[in-house]
Amino acid sequence: MLLFDSLAETAEFARRWVPFCKKYSVEPRAPDIYFNEKIDYLKDKVQPTFVKDRRAMKREYEEFKVRINALVAKAQKKPEEGWVMQDGTPWPGNNTRDHPGMIQVYLGSEGALDIEGKELPRLVYVSREKRPGYQHHKKAGAMNALVRVAAVLTNAPFMLNLDCDHYLNNSKAVREAMCFLMDPQIGKKLCYVQFPQRFDGIDRHDRYANRNVVFFDINMKGLDGIQGPVYVGTGTVFNRPALYGYDPPVSEKRQKMTCDCWPSCCCGGSRKSKSKSKSKKKSIKALLGLGGLYSKKKKTMNGKNYTRKPSGPVFDLEEIEEGLEGYDELEKSSLMSQKNFEKRFGQSPVFIASTLKEDGGLPEGTNPTTLIKEAIHVISCGYEEKTDWGKEIGWIYGSVTEDILTGFKMHCRGWRSVYCCPKRAAFKGSAPINLSDRLHQVLRWALGSVEIFMSRHCPLWYAWGGKLKWLERLAYINTIVYPFTSIALLAYCTLPAVCLLTGKFIVPTLNNFASIWFMALFISIIATSVLELRWSGVSIEAWWRNEQFWVIGGVSAHLFAVFQGLLKVLAGVDTNFTVTSKAADDAEFGELYLFKWTTLLIPPTTLIILNMVGVVAGVSDAINNGYGSWGPLFGKLFFAFWVIVHLYPFLKGLMGRQNRTPTIVVLWSILLASIFSLVWVRIDPFLPKQKGPILKQCGVEC
């Protein structure tokens with residue numbers, strides 16, 4: 001009910017805020033961000049009334065915030081009798097797990113105009129039906145319900161998907177996406193336009209790599225040249241037919257030049273036969289009375305042809321079967337295929353009719369009351385039963401990272417995507433600022449990748465022989481196998497300490513030929529990294545932060561994700577992920593050093609202590625053995641310090657604001673490091689195993 005009442009207040013505030021933004025070209029159009037910007041707001045503003053209107057608008061916004069805060073304070077404690085709406089009726093959603101579907105249209109309907117009398121964009125509150133015993137599929141299920149409601153009420157051809165913590169930073173972002181989606185050459189083949197994620201509330205040094213610049217500014221740009229970037233779950237403008245499981249349109253081949261004077265055998269048929277086929281199609285349309293239902297434009301879904309409807313009234317699918325006798329199989333199958341829509345999309349003729357419209361929009365003469373009832377029907381609990389929702393249509397179920405899975409299915413059908421990077425960031429969001437929340441976020445992403453790896457949708461074996469390009473498949477394989485690299489990474493971070501504790505060196509002595517190969521490989525890797533940084537404009541500092549957090553996340557969150565994924569898939573033990581809390585203050589970074597206990601912190605802490613103990617042990621051993629032992633020691637110290645430097649941001653976050661580390665973390669880490677060191681000394685694999693008695697010289701000449 002808090003969201004319901006907040007949207008009502010927001011709709012009232014929008015009647016004044018939207019005309020103000022349009023009149024003075026306000027950027028960004030999120031009022032809280034706009035009024036808190038520390039810039040000269042008079043720059044490029046020449047209207048004499050701007051200052052007066054801005055002051056009045058800011059007063060309106062402050063009053064709006066007071067009303068919203070009052071609603072929040074009221075919602076802190078639920079009354080015993082449950083929430084009651086303003087008209088005195090009980091709130092239908094008092095039981096959050098057992099309530100009917102609810103829809104409320106605030107703006108866009110008759111009478112909901114701005115203060116200048118102009119029509120506003122439609123604002124609709126949607127709460128899908130919840131009943132015990134039904135699987136609701138969290139975010140993916142909510143998105144599918146919203147897709148169906150939007151199709152029934154407005155049926156816009158394009159849809160923008162944003163997370164709840166993101167805001168529109170560039171009012172022209174959707175227009176830029178539509179420039180791709182409406183392109184006459186590639187527009188019909190695009191499933192979505194992906195924007196990069198940008199964040200507020202991150203410290204200047206980006207200690208925990210929240211900006212993720214290597215992924216968004218290097219990897220995603222590279223994928224744009226293959227078949228398109230992966231879907232990241234937010235900041236995406238979709239082409240609606242791609243979400244319905246349709247295949248992209250096939251490029252039409254250019255027709256060969258023909259002439260009426262040529263023989264009919266060369267032209268592939270006479271003009272007379274062609275005119276007969278055209279008249280036959282017209283007679284079919286007249287007999288069935290389907291209007292614009294039968295069209296030459298066809299859409300394919302999983303290899304089957306389905307006709308698309310450019311315009312026309314809503315029809316009853318049961319009437320399609322009548323009057324089909326006597327027509328050839330091609331035309332009959334084209335019309336009979338309409339019956340299969342109910343099995344795929346569910347029992348809603350209104351929704352099915354909306355999927356057949358070529359350019360979106362509602363049929364003429366629709367009744368708003370009837371549409372609201374149909375919208376309530378499509379968000380009911382049992383609507384998706386025995387349909388393809390969540391399997392082939394809409395957001396795909398079965399993983400906590402439904403975004404990767406949904407985009408992957410679209411690319412497998414032959415769609416391609418586009419990466420759009422405007423100069424002014426299109427959308428901005430809040431990032432988890434402290435270490436614990438950041439690790440839980442990475443854990444959730446990695447767990448979703450492991451789930452996909454162990455499912456039938458794994459890119460290693462799914463949709464071979466389809467329309468997914470080889471390099472695009474390799475990119476998707478990379479998105480699901482990276483958590484498993486944590487096992488090797490854990491070994492690499494442990495071996496330097498092992499060498500220092502045992503006095504052995506893991507790097508073998510190379511001959512001249514092998515050294516040349518090693519140096520060539522090393523130089524090529526460095527050159528490739530430098531070229532990528534120059535091409536994408538990523539700074540050295542941002543790249544280094546990304547490398548540091550790759551090690552931190554690899555030995556903690558990725559490692560846990562592998563074991564949790566194995567438990568979930570093999571043993572059926574489900575683990576709940578923690579919703580990450582985001583930074584609330586952009587200036588103070590008050591939560592940067594806030595510590596929250598989590599088991600994810602134990603492995604990196606153990607590695608730090610282990611390598612520090614190894615450094616102390618190695619230096620002590622060199623001091624005892626004299627000058628000759630310092631040379632081999634430097635190589636061992638280099639690898640140990642390399643691990644410590646990568647884990648340094650973790651160490652800073654672990655110490656907390658007052659440089660206090662929880663005792664339990666220190667105890668667990670020291671215990672594990674001690675056990676490992678003692679066990680390694682007891683069973684040192686570098687020492688040769690001797691058989692029989694150990695014989696020593698007595699020192700006496702016998």
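Positions of Cβ are set from backbone N, Cα and C atoms, glycine also.
Listed features, source TrEMBL:
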BINDING   Lys138  UDP-alpha-D-glucose binding site
BINDING   Lys139, Asp163  Mn(2+) binding site
TRANSMEM  480-501  transmembrane segment
TRANSMEM  513-531  transmembrane segment
TRANSMEM  551-571  transmembrane segment
TRANSMEM  592-613  transmembrane segment
TRANSMEM  633-651  transmembrane segment
TRANSMEM  663-683  transmembrane segment
Given the binding-site residues Lys138, Lys139, and counting only Cβ atoms in the protein chains shown, which has the most within 10 Å of its Cβ?
Lys139
In the same chain, which residue numbers or ranges, 6 or more beyond the ends of the transmembrane segment (551-571), come under 8 angstroms Cβ to Cβ?
208, 439-440, 442-443, 446-447, 449-451, 453-454, 482-487, 489-490, 493, 599-601, 603-604, 607, 643, 646-647, 649-650
Just to confirm: which same-chain residues, 6+ apart in sequence, have a Cβ under 8 Å from the Cβ of Asp163 (Mn(2+) binding site)?
Gly233, Thr234, Gly429
Go through the chain and flag residues at least 6 beyond the ends of the transmembrane segment (480-501) whose CB is under 8 A from any CB in it; none is fine as an answer.
404, 446-447, 449-450, 452-453, 458-459, 551, 554-555, 558-559, 561-562, 565, 603, 607, 610-611, 613-615, 617-618, 636-637, 639-640, 642-643, 647, 676-677, 680-681
